[in-house]
2 protein chains.
Amino acid sequence: MKPGKVLVAQGGGPTAVINQSLVGAVLEARKFPRVERVYGALHGVRGIINEDFLDLTQETTHNLERVADTPGSALGSTRDKPDEKYCAEILKVLMAHNIRCFFYIGGNDSSDTLRIVEDFARKAQYDLITIHIPKTIDNDLMVNDHTPGFPSAARFVASAFAGINLDNRALPGVYVGVVMGRHAGFLTAASALGRKCRDDGPHLIYLPERNFEIGQFLSEVKSIYDKLGRCVIAVSEGIHDAEGTPILSSMLARTLEKDAHGNVQLSGTGALADLLTNAIRDNLGIKRVRGDTFGYLQRSFLGVVSDVDQREAREVGEKACQFALWNNACGTVTLHRVGHYAVEYRLDPMISVAGKTRIMPDAFITPQGTDVTDAFKFYLTPLLGSGMPDAFRLRAPRVPRILPGS
Amino acid sequence: MKPGKVLVAQGGGPTAVINQSLVGAVLEARKFPRVERVYGALHGVRGIINEDFLDLTQETTHNLERVADTPGSALGSTRDKPDEKYCAEILKVLMAHNIRCFFYIGGNDSSDTLRIVEDFARKAQYDLITIHIPKTIDNDLMVNDHTPGFPSAARFVASAFAGINLDNRALPGVYVGVVMGRHAGFLTAASALGRKCRDDGPHLIYLPERNFEIGQFLSEVKSIYDKLGRCVIAVSEGIHDAEGTPILSSMLARTLEKDAHGNVQLSGTGALADLLTNAIRDNLGIKRVRGDTFGYLQRSFLGVVSDVDQREAREVGEKACQFALWNNACGTVTLHRVGHYAVEYRLDPMISVAGKTRIMPDAFITPQGTDVTDAFKFYLTPLLGSGMPDAFRLRAPRVPRILPGS
């Protein structure tokens, strides 16, 4: 990196550990004399074109450490997906401030933005290091073993289903929990880690990697309910029919809000859970049917976090800075599993993750398509971190009945 | 108590600490030679009339301690609300098994059941001790300062809103979170404890103690949104219009499921959140509007618990047993605050809580009706327990803009 300023920004949905990456990059960058200042852009790329910068060189290390432990995007985030004109604006501002290194913490859309900015800088013969720092609760980045943010969200989902299973066992019925994940089912699949005993829920798991058919769904629910007298179901918000149309769109007439990327709004509404619980109630004649949409709790809940995730999120930020300052290299920091359990970080070409989506491999899904394999449980278990709460049952013997006719 | 058996049962909605009360009563009862056996009824009063008993005398102390730390009702629960005939059946079974002491852990409906059973036993000249052990996340029992189960649920709600506020600050918009509580707003009010800085959400809190009017609601949301560019709202599922009709019923045509008590189903559906977010979107023209229903997560989540709540739930179970065995007395165990912060337990007549509902006192609600007072925060803070997570912000200075026109 040429002498000048470092800029950090956060894009897309916040996670429980995205501030670890921010702080990892900022603290490391502040060590190098070549770095004149470390700026933070408010609300992602939007803050760049608006010149809304904080001077993070003047933030205390103590407070940065506290912010690192706080969920949400401390700099603010954005859903803007810059086109070429927008990226040209970004470069103009970077050049005006003599910013020589730009770290963008985000998912596959954010890496695509960096790819364009990097291309423009090269054409303008402006020395700029761009590094993408991965984060997403969806775990849908290519190349990576997993993505910072996902393990903490997975811990929330597994803990939630462990509790829901206890509740459902106490007051039996059917329960549908809708989990985030538009194209990749990793987070929904994490619900399986909430199970302990053989008859624990979730008893059925529906992923966007498989087509969803309502008739099949109802018969699978009936089969579990007939056997156990209860049924806990984990459903991805992204389930779709054989044509790829989201179930919510294909079954509801109401026009749904679409976001800037042209996607139908799936989160922040209870519509899918209500649609499925109504279908169960109306078709199977089961009385106690409940549905919850985990919504924003699963990515922002204060106090549920994986310490493994915290550690790795910190390191991807720190490594990004080291790749920039020591190696003078652009790219995306990627996370690789090199043991059970250990990881290594690499710098890969931006193009390897930019704009691409990784989904669950077939080896993680059972042939029936409504559960995960032991391979997936082996993959996810170390990521959930230490101190996962456990659930216990009474195992006292039954008392023989003594009244006639009972 | 006469020599014989002790029976414990759990009724109504599970909580994070209801098994502490179960284990407190069981472990204490097992110490007395007069107690031949300690039975647990499966699924509350339903398990009594079905003679579905576990012999908890044969459960290990070690496993009981593990179960105590597990949320949900380990014996199973029921929504049955026994009438006189049902209560006569209960007494018949108790007599057949020489059960001389019956502990029922539950809310105000459960205490009402005990009141009838106690009355029948007296008329039958059968020596029976009945003691109600309080629990409810709604915190709506009379006489008690607060009710075991509420503090842990309150901790969940406060932590959830603290996280939601960070998420909403990162990606500004309007957020509606719907919290349990049909008649009492204590749990919804707990959302206020998620705030730290002056502009933190929830910015508006709607309780069932006040009438809800949609036009007023929209103008209050608009006022906050115009000022802050965002708005986080906590809403009780029990909000109702001036006639006392739930907003969901009064605004939706669809016939809603009613439970055994003739109540409309408010939980386990996202309908209220969707109704309010649609109203905001349609009337205020705000684009990013999200709604979540906290649903069953708030009472069953594995791993979010108040240690103060655990302690007190354990003690009400233990005290129930001591009142029965040492004092030979019937009644309901009540919890009284005797310092900041210390509590004492008393035995009060069943009639003082049976079938009654406590709501939030006016002193806990601001005059405008959309926030809580410092008195409420002072009341709730010690209940949340130790180690509440905290949230921190960046406080670095702004960088002056240098580009022309910006």
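Positions of Cβ are set from backbone N, Cα and C atoms, glycine also.
Features reported for this protein in TrEMBL:
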ACT_SITE  B:ASP138  active site, proton acceptor
BINDING   B:GLY13  diphosphate binding site
BINDING   B:ASN108  Mg(2+) binding site
BINDING   B:THR136, B:ILE137, B:ASP138, B:MET180, B:GLY181, B:ARG182, B:GLU237, B:TYR296, B:LEU297, B:GLN298, B:ARG299  substrate binding site
DOMAIN    B:5-323  domain 'Phosphofructokinase'
SITE      B:ASP109  site 'Important for catalytic activity and substrate specificity'
SITE      B:LYS135  site 'Important for catalytic activity'
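With a threshold of 8 Å between Cβ atoms, the binding-site residues B:ASN108, B:THR136, B:GLY181, B:LEU297, B:ARG299 that neighbour chain A are B:LEU297, B:ARG299. When the alpha carbons of B:ARG299 (substrate binding site) and B:GLY13 (diphosphate binding site) are compared, the span between them is 8 angstrom. Rounded to a whole number, the C-alpha distance linking B:THR136 (substrate binding site) with B:ASP109 (site 'Important for catalytic activity and substrate specificity') is 11 angstrom. Separation of the C-alpha atoms of B:LYS135 (site 'Important for catalytic activity') and the residue listed as 'Mg(2+) binding site': 9 Å, rounded to the nearest whole number. Considering only the binding-site residues B:GLY13, B:GLY181, the Cβ with the fewest other Cβ atoms within 10 Å is that of B:GLY13. Comparing C-alpha positions, B:GLU237 (substrate binding site) sits nearest to B:GLY13 among the recorded positions B:GLY13, B:ASN108, B:ASP109. The Cβ of B:LEU297 (substrate binding site) has B:PHE156 as same-chain neighbours under 8 Å, each 6 or more residues away in sequence.
Of all the Cβ atoms in the protein chains shown, 28 others lie within 10 Å of the Cβ of B:THR136 (substrate binding site).
Comparing the residue listed as 'active site, proton acceptor' with B:ASP109 (site 'Important for catalytic activity and substrate specificity'), their Cα atoms are 13 Å apart once rounded.
For the pair formed by B:GLY13 (diphosphate binding site) and B:ASP109 (site 'Important for catalytic activity and substrate specificity'), distance between Cα atoms is given as 11 Å, rounded to the nearest Å. The 10 Å shell around the Cβ of B:GLU237 (substrate binding site) contains 26 further Cβ atoms across the protein chains shown. Here the binding residues for substrate are B:THR136, B:ILE137, B:ASP138, B:MET180, B:GLY181, B:ARG182, B:GLU237, B:TYR296, B:LEU297, B:GLN298, B:ARG299. Their largest Cα to Cα distance works out to 17 Å. Fewest other C-beta atoms within 10 angstroms, among the recorded positions B:ASP109, B:ASP138, are seen around B:ASP109.
DSSP classifies the residue listed as 'diphosphate binding site' as coil under the three-state reduction. Between the CA atoms of the residue listed as 'Mg(2+) binding site' and B:GLY181 (substrate binding site) there is a gap of 14 Å.
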